[in-house]
Amino acid sequence: MENAQLHATWEEILKKLENSLSKMVCDTWLKPIKPIVLTTTSLELGTPTDFSKDWIEKHYMQLILDASYEVTKAKLDIIITSFHLQDNSQEEQTQIPLIYTTPTANKTEEPPAAPPRTTSPLPITPGDSSSLNPKYTFETFVTGNSNRFAHAAALAVAESPAKVYNPFFMYGGVGLGKTHLMHAIGHKILQNNPDMRVLYISSEKFTNELINSIRDGKPEAFRQKYRNIDVLLVDDIQFLSKKEHTQEEFFHTFNTLHDANKQIIISSDRHPREIQTLEDRLRSRFEWGLITDIQAPDLETRIAILRKKALLENLTVPNDVMVYIASRIDNNIRELEGALTRVMAFSSLNKQIITKELAAEALKNVFTNNESRTVTLELVQEIVSSYFKIDISELVAKKRTRNLAFPRQIAMYLCRELTDSSLPRIGEIFGGRDHTTVIHAYDKISQERKTDKKLDTTIKELTKRIKNI
Ligand SMILES: Nc1ncnc2c1ncn2[C@@H]1O[C@H](COP(=O)(O)OP(=O)(O)OP(=O)(O)O)[C@@H](O)[C@H]1O
C-alpha cells in the first residue's frame, strides 16, 4: 500500500515531466530513476550511476521540483542518491527498498537502508565505456573561436593517444565544455582502440576512492585499478589542492602511467600555476605536455550550441528565441542549455507556442535572481537592434545609411556606458571597426542627448531594458 503510494506519486511526477521534456531525455535520464522514499517533506530518488545522479541534479532538478510541487502541492526536498553497483557479487543486496514513510508514521517501520556501497576498487575492463556520457562526443561539440584550439588538440590526442600531448591539460571557467571534450576524447579512443582501458573520473571521486581503500585496508586494489589504465581522464583537478595525501597518490599514479606511455588528460578551472597548494612536482609534470584554455563562447557560438541542442533533442525553437537566450547568458553553457530546457518546459506546460515573450516570462526568475548578471556587448546589440527593428547583422554591417548608423552609434554608446569592455573590443564586435569610431559615436550621442529630449528618453528606455529584462 505504502509502496503503491510512493510509486503512484512518482508516476504522476514522471508524467508531468514527460509533458515538458523530450522523449530522448525522459528515456535516458528519468525513466531509469527509482523512487526510494516519500515523506511529507522529501522525496528520495535513486539513479543507476553516479554520473546520472550528477547530470540530473545539474540539469533537471528544478523541473523535478516544479513537477513534484504540482503533484503533491508540497515543497518537497528532492534527494538523489546513486545506487551504482561497483561489485557484482553484491548485486542481490542492492535492491533499493521501496518504503513510504511520514514523520508521524509507525515508529517500528525501519528506515530505508542506504544502498550498499562496496569499497574495493575494481580494475577497468578493456573497452568499457561506462564512465563516459554517450552524449558527450566530438559530433555534438560545437566549435568557435573560444574553443577551437582546445578542440583541435583534444582531437589530436584522441587520434594518437600518448603520442602527441601527454599529459593534456585543459582549463577554463565553469560549464564551458571541458568535461564534454574529455568524454569525447575517451569515446574516440575507444572507437579506434576497442581494447583500451579508459577511465573518466572526477578528482573528488578519485579522492573518495583513495580514502575508502585506505580505510578498508585495500590500498593495493586502488593502485591496481589506477595504474593499469591506458587512458586516465581526471576532471576538476583543482579539488586536489590542499589534499596532500591524494596529491601524493596521484603523483605516483601519474608517474607510473606516464612512464608506461599511457595517456593522461586533466581538466581544471584554472591554470596549474594558479592552483594554490598544488605540489610543485605535480605542477611541473602538468607542464610536460600541452596546457590549453577554453574561453567563454561568443554570441554566434552560443546560438550554434542552442541550435545543435534543439536539433539533437528534436525541438523546434524560433531563431529570435535562440538569440534572446544566447544574448543573456554569456559565460556558462550549462546555464544556456538549462535556459532552453526551461523555456521548452514552460511552453509545454502552458500549452503555448514558443515566442520571445514566452521565453522572457519563462526566464524571468532566472534573470532577476541573478543579480550579478553582467551586461554583455551582445545583449546591448540584441536589445538595440530589436528596439529599432533591424537585424544584428545590419547593426554590425559596413553600411552607413542613417537608419542603420544611428542605432549603431547608440549601441556603441551603450556598450561603452554599460560594460567594462575596451574601446577596441567594442569596435571589434561592430564589424571590426576602429576604436576611434567608437569614441566618435560615444561623444556624438553624449552631446546630442543633452539637447535632444527624444534621444535621451530612448537611451533611458534602452538602458532600462538592458538592465532589467
Ligand atoms: N562547445 C560545445 N558544444 C556543445 N555543447 C557544449 C559545448 N560546450 C559545453 N557544452 C555543454 O555545456 C554543458 C556544460 O559543459 P561541461 O560540463 O563540459 O563544462 P565544464 O567546463 O566541464 O564545467 P565544470 O567546470 O562545471 O565541470 C554540457 O552539457 C556540455 O555538453
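Going from the start of the chain as shown, residues are counted 1 onward.
Placement of Cβ uses the backbone N, Cα and C atoms for every residue, glycine included.
Features as listed in TrEMBL:
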type	residues	note
BINDING	Gly175, Gly177, Lys178, Thr179	ATP binding site
DOMAIN	164-292	domain 'AAA+ ATPase'
DOMAIN	376-445	domain 'Chromosomal replication initiator DnaA C-terminal'
REGION	1-112	region 'Domain I, interacts with DnaA modulators'
REGION	104-129	region 'Disordered'
REGION	131-347	region 'Domain III, AAA+ region'
REGION	348-469	region 'Domain IV, binds dsDNA'
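Each of the binding-site residues Gly175, Gly177 was assessed for Cβ neighbours inside 10 Å, and the highest tally belongs to Gly177. For Lys178 (ATP binding site), applying a Cβ distance below 8 Å and a minimum sequence separation of six or more within one chain yields Met170, Tyr171, Gly172, Asp235, Ser267, Ile294. Sitting within 8 Å of the Cβ centre of Gly175, Gly177, Lys178, Thr179, and not among those site residues for ATP, are the Cβ atoms of Gly172, Val174, Leu176, His180, Leu181, Ser267, Ile294, Ile333, Arg334. The helix, strand and coil residue counts that DSSP assigns across the domain 'Chromosomal replication initiator DnaA C-terminal' (376-445) are 50 helix, 0 strand, 20 coil. Under DSSP, the residues of the domain 'AAA+ ATPase' (164-292) split into helix, strand and coil as follows: 66 helix, 24 strand, 39 coil. If you average pLDDT over the domain 'AAA+ ATPase' (164-292) in this model, you get 91. Around the Cβ of Thr179 (ATP binding site), a 10 Å sphere holds 20 further Cβ atoms from the protein chains shown.
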